[in-house]
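Chemist: The domain 'Catalase core' annotation in TrEMBL covers 20-316. Summarising the annotation, TrEMBL assigns active site to His41. Residues annotated as heme binding site in TrEMBL: Tyr299.
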Amino acid sequence: MVYLSMLLPASYAFSAEQVTAQQFVNLQQGNTSFAGFRRAHAKGACVTGYFEPSGQLSALTQVPIFAQGTTPFIGRFSIAGNNPTAPDLKSPVRSLAVSFNISPTQQWRIAMNTPPVMAVSNPHDFYQQIAAIKSGPQALKAFFNAHPETQDFLNWKASYTPNQSLALERYHSINAFYLENSQGEKRAVRWYFEPQGHPMDVTSDTDNALFDELSARLLKGSVKFNWIFILSEETDDENDPAVSWPEDRQRVVAGEVAIEQIDMDLNAQCQSINFDPLTLPSGMSATADPILRARSAAYAESYRRRAKEKLLEALQ
Ligand code: HEM
């Protein structure tokens, strides 16, 4: 059995309770698993588009997409939860994942959510948070009361109004990463995609309201976001995804992300991608944030389960 703590730097290993990737995915899929689907963010659609850099980030990282030219990507919009037919407007979290082919040997996979921070700082507490969510509102309230580190997340939640469009949400990296330049200098950063769009007249409250709206919007033109990096200062903790960094931190507009097409087909290309946040190109590296290792292990377990089910289905 591989425990997540074995994948963590020694300073982050848990001395008491440990959570395996299998335990995470068992909890996330719950009693009803949907064969062939992701165990989290099961409902989603593939998109394609391109990134056009401003050039403003290239002094901080060697990743070539920030220097010049446009780079195509495959992406996936999703909503949180294990149900691939869940009603869009009921999900508390919306998401966007993107995958860049950086070179024949390097890819960059990114998965972002609407909150700017997590509620908790480590995998053990995230496991307890999911368990509390599944137990109901009372248990979740008790969980938040027992965890003061959830305050930044709760402040965001109180200020957040879900949009009627996936094109109008802000999508955050939440976890921090290091940018590395050719001189070997490292800077911890977080980032977000800031929407450029405006509300459309068409609103719907069907189960597919958000994906229908996005499809309608894309018929009229591309959906754009500014890709903004937040640069940390010495006093910011890059290993704790529950703590916001001060508002006055320097922000760099790295460029513009344009989404051009959507493909609702369940076998479209993005559906078989594992958006593992530790798939990083040269010029980017992971912080010691223990959540990153937990994510990587859990995504692999979810991927294994759904890939096996797809294979068995194809063999029938
Ligand atoms: C310990 C914490 C976390 C765990 C255990 C976890 C678990 C998972 C799992 C099992 C999947 C399905 C993977 C697959 O089958 O491909 C998933 C998908 C996803 N997660 Fe997480 N997650 C965690 C934290 C986060 C955070 C902090 C973010 C946002 C920054 C995030 C964003 C996403 C997104 C966007 C997807 C869907 C990606 C896609 O479209 O394939 N997760 N997560």
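Cβ atoms here come from the backbone N, Cα and C positions, even for glycine.
Unlike curated entries, TrEMBL annotations are predicted automatically.
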Chemist: How long is the line from the C-alpha of Tyr299 (heme binding site) to the C-alpha of His41 (active site), rounded to the nearest angstrom?
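Modeler: The separation of the Cα atoms works out to 11 Å.
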Chemist: Can you tell me the mean pLDDT for the domain 'Catalase core' (20-316)?
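Modeler: Average per-residue pLDDT within the domain 'Catalase core' (20-316): 96.
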Chemist: State the count of C-beta atoms found within 10 angstroms of the C-beta of Tyr299 (heme binding site), not counting that atom itself.
Modeler: 25
Chemist: Give me the count of other Cβ atoms within 10 A of the Cβ belonging to the residue listed as 'active site'.
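Modeler: So the number of other Cβ atoms within 10 Å of the residue listed as 'active site' is 26.
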Chemist: May I ask you to report the DSSP-based helix, strand or coil state of His41 (active site)?
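Modeler: DSSP call for His41 (active site): coil, neither helix nor strand.
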